[in-house]
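Read through the structure below, which is laid out as structure tokens, and then see the notes.
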Amino acid sequence: MIIPSLEELDSLKYSDLQNLAKSLGLRANLRATKLLKALKGYIKHEARKGNENQDESQTSASSCDETEIQISNQEEAERQPLGHVTKTRRRCKTVRVDPDSQQNHSEIKISNPTEFQNHEKQESQDLRATAKVPSPPDEHQEAENAVSSGNRDSKVPSEGKKSLYTDESSKPGKNKRTAITTPNFKKLHEAHFKEMESIDQYIERKKKHFEEHNSMNELKQQPINKGGVRTPVPPRGRLSVASTPISQRRSQGRSCGPASQSTLGLKGSLKRSAISAAKTGVRFSAATKDNEHKRSLTKTPARKSAHVTVSGGTPKGEAVLGTHKLKTITGNSAAVITPFKLTTEATQTPVSNKKPVFDLKASLSRPLNYEPHKGKLKPWGQSKENNYLNQHVNRINFYKKTYKQPHLQTKEEQRKKREQERKEKKAKVLGMRRGLILAED
């Protein structure tokens, strides 16, 4: 395919540009502007390469001429004592003629050295002419070329071989360039190693860093210890609606100001647990104390936990805050307690706190939140056994009676079943919303 010029490329259609790119081995599925740019770049590159090849061929031809002249001068000096010389073009070797092979037509005898010199001049002129304008070789020219120097053809390659030679000569040059550009890794590593600090320097630097860090921490802690706000803690009675454990913790956090990282971490963990408890057990918090009358009166004591515990997920240290801790504060009213100290006391581990002593009289004097059962209780064990036996017998009788007449569901049974399904569905949705039940994938 003929490669068009740069001016012709602008006038070509997009489809023609694509076909041209495909034929040249370039990417064709580009936008028109990018494709045109790529083709122009390729054509320029090819033209530059062609010019370089021409320059190389000219330089190689001139070098070949020089070598020819040198070789011819050497051969003249060598062949003056010899009587005759033969040269076969195909084998490219000087052959000493035997008496048997003298009958062949390929040998030419030269007696005088002057004739030999004239022959060589003519040959060199013919070679230059053929190098510039290639023409079909005749038999007469072949005969003339046969009487050339001995090793000239072997040393000087033909036109076909010249391009190969030039390409090969250019390759080692490229290799040399790459060898120069490759970095000396040994030197690089040595320089990098020298830049690195020694172990002693590293330890000194670390010590300085730690000393600076400790001094900064000391400076931060000094204003906290000195400038604590000396305010008496107000006596807390029964918990109001607004004073939930979460709100207490928030107020403590506000009054604290900048506290140490360890206490902050503990506070964060407590906060998380309190939030999770608030999500899971909303009815058992102190905030819903006013809704006691709305509940059913037949509640068991196991469920009633508003007075004893604050929240399900909080540690025992939090539960103690409401009752026993207030007594200690009122007893030691002379001792000043800053908000910072208060938080540390509140965030003690449940292991360090002692269990609260159960007061029987106080618990009995408290009014019941439910109506106790009046009258006789049913016997627990017997009723259980009898129920099981009765159910078993009834089931057998039922199957005996109705194995030929299948039991049809009544509308009431269907309604009850639907209601039960709705209740289960509602409970499941509420559980998922509160994070009690994991959502099914």
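Glycine residues also receive a Cβ, built from the backbone N, Cα and C atoms like all the rest.
Comparing Ser276, Ser285, Ser305 with the features listed in Swiss-Prot, the residue bearing the annotation phosphoserine is Ser276. What Swiss-Prot records as phosphothreonine, among Thr231, Thr349, is residue Thr349.
Ser269 is the residue among Ser23, Ser269, Ser273, Ser333 that Swiss-Prot describes as phosphoserine. Screening Ser251, Ser311, Ser383 against Swiss-Prot annotations picks out Ser311 (annotated as phosphoserine).
Between the listed residues Ser15, Ser72, Ser240, Swiss-Prot assigns phosphoserine to Ser240, with no corresponding entry for the rest in that record. Residue environment of Ser363 (phosphoserine) contains 10 other Cβ atoms, counted within 10 Å of its Cβ in all protein chains. Reduced to three states, the DSSP call for Thr182 (phosphothreonine) is coil. With helix defined as DSSP H, G or I and strand as E or B, the region 'Disordered' (401-427) counts 19 helix, 0 strand, 8 coil. For the region 'Interaction with microtubules' (237-382), the predicted model reports an average pLDDT of 56. Cα separation, Ser363 (phosphoserine) to Thr182 (phosphothreonine), rounded: 90 Å. Neighbours of Thr182 (phosphothreonine), defined as other CB atoms within 10 A of its CB across all chains, total 8.
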